[in-house]
Amino acid sequence: MLRINRDKCGYCGTCVAVCPEDALELIDAYLSLERECIGCGICARACPLGALEVVHEE
Amino acid sequence: MKSSYDILVIGGGPAGALAAKTAAEAGNSVCLIEKRPAIGTPVRCAEGIGKELLKEFVKPDPRWISADIESARIIAPNGTAIRLDQAQAGNEVGYVLDRKVFDRELVWQAAEAGADVIVKTRATVPIMENGAVRGAKVLSAGVPADIRAEVVIAADGTEAQFARRAGLDTTVPLREMMSCAQYVMTDIDINAGCTDFFLGNEIAPEGYLWIFPKGNRTANVGIGISGRKSREGTRAKDYLDRFVAKNFPNGKTIEAIAGGVPVCRPLPCTVGDGLLVAGDAARVVDPITGGGIGNAMYTGRLAAQVASRCIEAGNCSKEAMMPYDTEWRASKMGAGIERNYKVKEYFVTLDDAKLNALADSIASISFSEFSVLALIKELIKRNPKLLLELKALKDTLS
């Protein structure tokens, strides 16, 4: 599961461009997970601000 | 907003604005949609552009020029500075723009030329018929609508989702995405006519940190690092905060922004049936400098020119519109991107000791030309062994 910290997010869209699944959408001034996330974590790596975190459920 | 146009432009940045203006001037019915509620904001850019390049597209106007740049310094990890001066170079350097005003001006020009402009409207998916793009399904302030068009010009920036959903793979590999953060800082001691580029794996791994003046004591202070170097604790913001704490401890940050700059090769093909891709969405960013404003305006304008011809001829197939792709690739811009991509791929392998040695070798040179190419040529002259490591470049430098 992808956790988006909207207080940290700069809504820049970097994550959108690196997502291999086209799962993220930058809408206006917020980021939204619109389709299924595979938990690869590429977006969390690319984020300049550390606003994304992949949380693996137990 | 009508339900059908000759040309639909997605995105209100410099690529989209030039596309819409050019298409409208050629007599097409044009609609430009922008997903944000305001053109030009938030800014996602360091705002630098070469003067000559800018003038090819728009007359410089003090209303959207923040600073006139006369020199630049490239600072190696050991502090060695390579200096490029307008006075000794004999040609012009660049401007730092005010993108909020600049983008708005370009879109205003498109509107003046007759294009419809609609904000807070995003394309969700292409309208596809028999494999061809025939427009876009949009959400306009939450209200769904179909906008049909003979040609869609996708200028939707780094996200580049429209072309992706039309079947072109626009995904940027992590290592080729520059992860960027920038502060607009004020009350800082800078040289107002000089742009600074700091290199080094401790400062900005596989990227650089920049100070682009926007006034006597105001500047864009920003950084781009490779996505593969970006991790918890070593993100763009972490490097930037460290630099600012050390160099501008009393500066005031009046704006904090982030962004992603694709420094991969351009898309293998920027044309589809009924579709042209321009600007950052086409990945036509200079891989060394990360500069994309001029390339965006160039490809946006060219896309509209080709689309206009094809609409007039009644054939907007991929084949008919391929001259767009062929022409930009063969252009000075296309050749420059290809060359600088190879240079970038070499430079990201260098450690700080090598960067220092290269900088030291050319630190005393007076440059007669202000460009990446001039720098590379001088580096090779002083370090002939470089040519062996840069074999791929031999042909492009001759």
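Each residue, glycine too, has its Cβ placed from N, Cα and C.
Among the candidates B:A15, B:A141, B:A145, B:A313, the residue that TrEMBL annotates alongside B:E34, B:C45, B:A46, B:G48, B:R99, B:A123, B:D280, B:G292, B:I293 as binding FAD is B:A15. In sequence order, B:A155, B:G157, B:A278, B:G279, B:D280, B:A281, B:A296, B:M297, B:T299, B:G300, B:A303 are the residues near B:A15 (FAD binding site), counting only same-chain partners six or more apart with C-beta under 8 A. Fewest other C-beta atoms within 10 angstroms, among the binding-site residues B:G48, B:G292, are seen around B:G48.
Counting other Cβ atoms within 10 Å of each Cβ, the binding-site residues B:C45, B:A123 show the lowest value at B:A123.
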